[in-house]
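Straight from Swiss-Prot, the features:
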- 29-49: transmembrane segment (TRANSMEM)
- 84-104: transmembrane segment (TRANSMEM)
- 114-134: transmembrane segment (TRANSMEM)
- 140-160: transmembrane segment (TRANSMEM)
- 181-201: transmembrane segment (TRANSMEM)
- 203-223: transmembrane segment (TRANSMEM)
Amino acid sequence: MTHSPLAQFDIKKLIDIKMFGFDVSFTNSSIYMLLASILALTYFYLAFYNRKLVPSRLQVSAEIVYNLVADMLNQNIGVKGRKFIPLIFSLFIFILFCNLLGMTPYSFTTTSHIIVTFTLAILVFLMVTIVGFVKHGLRFLTLFLPHGTPLWLAPLMIVIELFTYLARPVSLSLRLAANMMAGHVLLKVIAGFTVSLMIYLKFLPIPIMVILIGFEIFVAILQAYIFTILSCMYLNDVINLH
């Protein structure tokens, strides 16, 4: 079982903690989420600690990431989205660092677990819903009835739109977890074949593995971007009601 491609996703208790009858143990998932947060904070601290007129490469890379998120909000929401930059930026960076940290050998990918991605998705869902009610009050409920819908079709449209709205955190979380898990399983399986093929083909399979790892890094970045841009689109729906 130790060689199973799925063994890399096993959650292991490091510190057993019971609190008020609940199991809140510190696991390998917990430590990698904490490590991702520390690495992200360290990266931006070093990038902006001693800002210069002629920025360093580290500062430039950090500014590119920040501008990416700021542009994402501006394009999807407009000026009204600026106040959400800290939240959306933190979300993007956390997912990005968790995804990339999972690419290091013998590490653990926290975003491959639905409990982690669903928690992030439900936080986005609650934030979007609260923003909608705070900004529009009961008028927010018009989101579930598209403008111009015939009266006889209204009950059906409300049910469909409500179901679609409630399904958002599920689809958002499943997309991220499934893509990260599938990619790592594929990498593990092909890596096993590569070791066997090297007996006969020498070093020929190595470039294939390098290309595959490069593709997985691209997917890790892309999935963080998709999760974030969908969050921006959901925010736009409740801020700019149509």
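Cβ atoms here come from the backbone N, Cα and C positions, even for glycine.
Within the chain carrying the transmembrane segment (29-49), a Cβ under 8 angstroms from the stretch's Cβ atoms is held by residues 11, 14, 56, 58-59, 61-63, 93-94, 97-98, 101-102, 107-110, 113, 116, all 6 or more beyond its ends. Each of 84-104, 140-160, 203-223 was scored by its Cβ pairs under 8 Å to the transmembrane segment (114-134), and the highest score goes to 84-104. Sequence-distant contacts of the transmembrane segment (203-223), counting only residues of its own chain at least 6 positions beyond either end whose CB sits under 8 Å from a CB of the stretch, comprise 95-96, 99-100, 102-103, 111, 175-176, 179-180, 183-184, 186-187, 190-191, 193-194, 197.
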